[in-house]
Structure formats: C-alpha cells, structure tokens
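S.K.: If you look up Swiss-Prot, you'll see Arg88, Glu91, Ser114 marked as active site, on the strength of sequence analysis.
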Amino acid sequence: MDRSVVTQKIIEAKVRNGMKWSDIAKAIGESKEWVTAGCLGQMTFTKVQAEAAGKLFDLTDEEMAWLQIVPYKGSLPTAVPTDPLIYRWYEIVSVYGTTIKELIHEEFGDGIMSAIDFSMDIQREPDPKGDRVQVVLSGKYLSYKTY
C-alpha cells in the first residue's frame, strides 16, 4: 500500500457518497483548499485529522497512518500537465511567471514567496458575462540572505 491507494479510496468514497470538499473540510476542521490537497495526497494530516477522515471515508488504521506520513509533494504524473484546468495554471505561470517574479522583487527585494507558510482561497465570483473563478494565494515573503 502507498499514499496513492489511500487517495484513490478517498476519491471513490467521496463520489459514492455524493460528498463535497467543503463538507469534508468542515468535518476535518480545516479549509476546503488545505483538506482537498491533503485528501489528494499533498499534505500531512495530524492524528486527529486522519481519524476524522477515517470516519468519513471508512479508512483502516493503516490507511489513516498513510495520511500522517509526509507525502512527496508536487507529484503530478507528467512534467507538463495534460488536464485542461491544471494546464491553464501551467500556462499562467509560463505567460505571467516572469511578471509575477519582477513585481514581487520590485516590492519586496530578492527573495521568494513561500509555499510552506502559505494559504489559498478559492471562491465563485458572480458576473453577468459568466461566473469567474477567484483564487487568492498568500505566501510569506522569504528574503535570500547573504553569507
């Protein structure tokens, strides 16, 4: 068994039971964004979170243990994503990545935006021309040090 087997079991239970990520997140006690990432194998659950997931998805003790192991993050199956929605993010970074980098450096200096001390919020934004997806990414600024 490995983390991908647990992820597949979670997805199957979610579909079978008609669950929504927002409801799963409420039961586990964290944001829908973080819980979704965790259920998809990208975050480490605490024992309490793993037990809550275990109740929701009828997981075994071994499967709950896998949720508590630090995963291999960013483990998409291909270098360039083929899923259209994920590919749009790849495209956004390809087109706007240098702009984002320049503007962050201009505002903060030489450093990076953390993906560890990080939060994300995804909301629906009503628009008469067609609803929009609003994504807010917030990462701590980390300055490179000289030595």
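From the backbone N, Cα and C atoms, a Cβ is placed for every residue, glycine too.
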S.K.: Give me the long-range Cβ neighbours of Ser114 (active site): same chain, 6+ apart, Cβ under 8 Å, in sequence order.
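M.R.: Listed in sequence order: Gly139, Lys140, Tyr141, Leu142.
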S.K.: Let's check the environment of Glu91 (active site): how many other CB atoms sit within 10 Å of its CB?
M.R.: 13
S.K.: Would you identify the secondary structure of Glu91 (active site) according to DSSP, in three states?
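M.R.: Helix, per DSSP.
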S.K.: Three states by DSSP: which one describes Ser114 (active site)?
M.R.: strand
S.K.: Which residues in the same chain, at least 6 apart in sequence, have a Cβ under 8 Å from the Cβ of Arg88 (active site)?
M.R.: none
